[in-house]
Amino acid sequence: MKYKIFASTTPQTEPVLQKLKQVLKGCEAVEKGFDYLFVLGGDGFFVSTVANYNCHNCRVVGINTGHLGFYTSFNEKDLDDNFLQKLQQCHFQRISLLEVSVNGQQHLVLNELAVYTNTAYPINIFIDGEAWEFYRGSGLLIGPRTGSTALAKSAKGAVIFPGIDVLQIIEMNPLLHPNQVTIQSPIILPKETQVEFVVKKAFNPQQFPTFYCDGRKLELPNADTTLALKLVQSTPMFNISLKTQDFINKLKSTFIKQS
């Protein structure tokens, strides 16, 4: 078995990294052509590492050393003599990512594209070529199912269970007055839907919105800009559980506190 490891630099990750290397002692560490890509860290590190990493047919394995673990299947206690056997029993599959096409470049997104504006700068939204909204507010989020427990949840979006392959748009603090009323609710769209955000050049460049793909800022010029958004299949394969019980347990341990 050939493998590659990406590990966060947090203190709690280092002992887990050494333990993983020991477990993989009989395997071959390579830079290219690997069968498995091991990602050690929390969900934030996983997202920043994996979405745009183009490894065809490699299997991505998340090992949690952080707080959230929606993308990780293992933790330190799983790194025992039976780890490789557990790995062979895992089910890997391709998942939907959000493809953001702008200015001739494509960016892949695991959680969300976030659009921010501190001046309620207008954004035209089109769904499958049809004008949907002339939006003004503090920002917009759009992302695949996997992002529904991230920033989307904080913005009062829907938490979407595994097995439902959809696209979600969320308005953040929409500007409302008699002549400007938007839907004010999360929108859940079928996976084949194509969305466009259209932004006109600002007279004052400082008013132009800012765009972030999974927290990475897109350096876009102040100009007429169209972002084409759709779901695409990942080239790597992921071991993200589709079991309802697993997802419920993660939601309860992360977000729900009851006495």
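Yeah, the Cβs are placed from backbone N, Cα and C, and that goes for glycine too.
Among the features that Swiss-Prot reports, active site, proton acceptor is placed at ASP43, with the record citing sequence analysis. Taking Cβ-Cβ distances under 8 Å and a sequence separation of 6 or more, the neighbours of ASP43 (active site, proton acceptor) in its chain are GLY66, LEU68, GLY69, PHE70, TYR71, THR72, ALA150.
Per Swiss-Prot, NAD(+) binding site is recorded for ASP43, GLY44, ASN111, GLU112, ARG136.
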Please report the number of other Cβ atoms within 10 Å of the Cβ of GLU112 (NAD(+) binding site).
27
Around the Cβ of ARG136 (NAD(+) binding site), the count of other Cβ atoms that are within 10 Å:
19
Around GLY44 (NAD(+) binding site), which residues of its chain at least 6 apart sit with Cβ under 8 Å of its Cβ?
GLY66, LEU68, GLY215
